[in-house]
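Summarising the annotation, Swiss-Prot assigns [4Fe-4S] cluster binding site to Cys160, Cys582, Cys585, Cys591 and lists similarity to another entry as the type of evidence. Sequence annotations record features per position, and here Swiss-Prot assigns compositional bias 'Acidic residues' to 65-75. Marked as region 'Disordered' by Swiss-Prot: 37-80. The annotation transit peptide is assigned in Swiss-Prot to 1-61 on the grounds of sequence analysis.
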Amino acid sequence: MSRFWHFKKFYFSSCFSKQRMSRRIIKNELLVPMKVTSKHEQEQPITNDEPRSLLSEDANPSPDVESEPELESEQSENREDVHEIIRSMVLGTGTTLPRLSNDSLTGIYNYWKLNPNDDLPLYNPTKYTPFEFHSQYNQDRSYISTPRLSVTKLLVFSWCELRSFYQVYSGSVRLPSTQAMTQGTKLHSKLEAEIHPEIDTTEIEQFLLSNAMSLGELQKAVPIEEDKVVFYLGEVERLAVDWAEMLIERLFSLIMGAEAREILLHGYLNFNNRSFVTNKDEIRDPSSVLVSGIVDYVKLQNLTNPSDGTLFDDIHGFVDDNFDQVDNVPLVDLSKFLPEAKQILQHYDFRLTFTDVKTRSAPQIPRQESVLEAAKFQTFYYRHFFQLLSRDSRFTYFSLIENAERRGHDVDKPLSILTTICLLRKHYHILFKDFVRLANGEPIGFAPFDDSAKSMAYDFVSVFQSSDEFSLANPNHTHFFEQLREIDGIEYDSILSPLLKVWKTPPTLRYLAARASQLFGVFEENLGDVTSVEYRLNKTSQLLSENVYEYDFSEFQVEVESASKFWNGEREAVPTEDLSRCSFCEFQSKCMVAGGNTTEAVEKKTIGPKIRHFLNECESSSKG
């Protein structure tokens, strides 16, 4: 019988009779009275002011405890083993705590209340699952305010599951950015700009703010309580900009130009059944965890003839024949375009392919099989998310609404005037017609939005005047348009004049969710099973290699189940068998596996954490 089970049997026979031990050692904080320091902090000795060692009478059952005769002999024999275990869990008086080598180690030793002289255990001594801990103790506060996971977080096996496990319980300490990471980010931005050139609205924003502040009658034009509607740029506005750019604009580009980069995707992973939610009624289930990701590159093409462009000829022909232009740019009416585009796509055997781009600082691809497998499954996640979001526009609409609301956003809050004008400038070719509808209080043709959109006055006229011609009674915008045109040459009078009024329906996150969900729905019949991973040299963007895969749902579901069990605490982390990887790990100096310990030694060192876990369960049971 192992030492742990000796302890467990002994503990049950005494703890639940008088519960003397539970009053003293049931609390984790009494087991190890210390705070561990990193190398950046001062060493702190344990003094006599700390809680007493548990090696006195507190660790023994009361002498008046009556136990069954058959247990007395075994209790006596095992008591010394138990005392030794407890003694190993508590620092002696006057002990000096050593410094740990990095913040990640400091974090996990403090959160787990470990003796810094000991190695890290392989067993979670807390009552929190990895996801629960990740959502409560995280250096990135956004994960606490909005509990969620990313696709890359699900790929815990990529390097070493034990490292991923320790990273979670260290408080998800952010590792410093390396030069290779910085170069990789620059390459991603470069590739993105090649397809989606950035439109910088900084000068326009500065002009609008300066002009508004110079209006002598600003407070009459915009009451004080509405100032935030004009100028405020908060989290709602930032999400609106992201949805307009990385959903609506990117999906429209995919329809019109066959390719798009950096598209936002998400799904809801139900930990109970270990699969992604497919029914809108399950989205709000507490066990459904938001999982987000960004797919690097999506292409719509004829797989048997990649040079075939007839589909896009038809779509461009429809746009040119049916919509007016401003500055040689068609003003697309999405209410007419979306159903027609979907019908055109259904007549062609074009399929979507999904690619993730990995940057390399050296001209070679990874040699580790687990790293290559993780990259493959990353593309599988993106492909699966796209399927979930394109199969039913209503589901996608409510999925996006839930996404925003989980982040604490009011989806019916009007966007600021400044945000609206910037969205119009960047995306007037697809938003202008919709904005006219909103201004007039007309439906956009998508029932879930039209049935729930809230009508309210939205003043989109007062601040669009120059101070030298300002008038509340008879607004004059001539000079204002001239000043705007000097900034970037756009024909603002054509795209602004019809909107300069008090709108009946304001632009909101709800509106953007509606159009994004419809754009996803255009691709319902054109989803493909080909995914790939590109490896590029980050300094030159040279393509080093491309690994192509065939999406396999059964294989993907096995990975989803494994990730779910890890994050829900249903299985233990599996350490890497390749110890050469340990030299890159921040936990190496305290990891049993990296130290090459035998199985017997590892098992022995997990006794303490198992006891902590057991005591937590005892505490929960006694409270219940």
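Numbering starts at 1 and runs along the chain as displayed.
Cβ atoms are placed via backbone N, Cα and C, with glycine included.
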Item to complete: Mind telling me which of the binding-site residues Cys160, Cys582, Cys585, Cys591 has the densest Cβ neighbourhood, counting other Cβ atoms within 10 Å?
Response: Cys160
Item to complete: Determine, for the [4Fe-4S] cluster site, the additional residues of the same chain whose CB lies within 8 Å of the mean position of the CB atoms of Cys160, Cys582, Cys585, Cys591; present them in sequence order.
Response: Leu162, Arg163, Pro575, Thr576, Leu579, Arg581, Phe584, Phe587, Gln588, Val593, Ala594
Fill in: Local backbone state of Cys585 ([4Fe-4S] cluster binding site), from DSSP in three classes
coil
Item to complete: Please classify the secondary structure at Cys160 ([4Fe-4S] cluster binding site) using three-state DSSP.
Response: coil
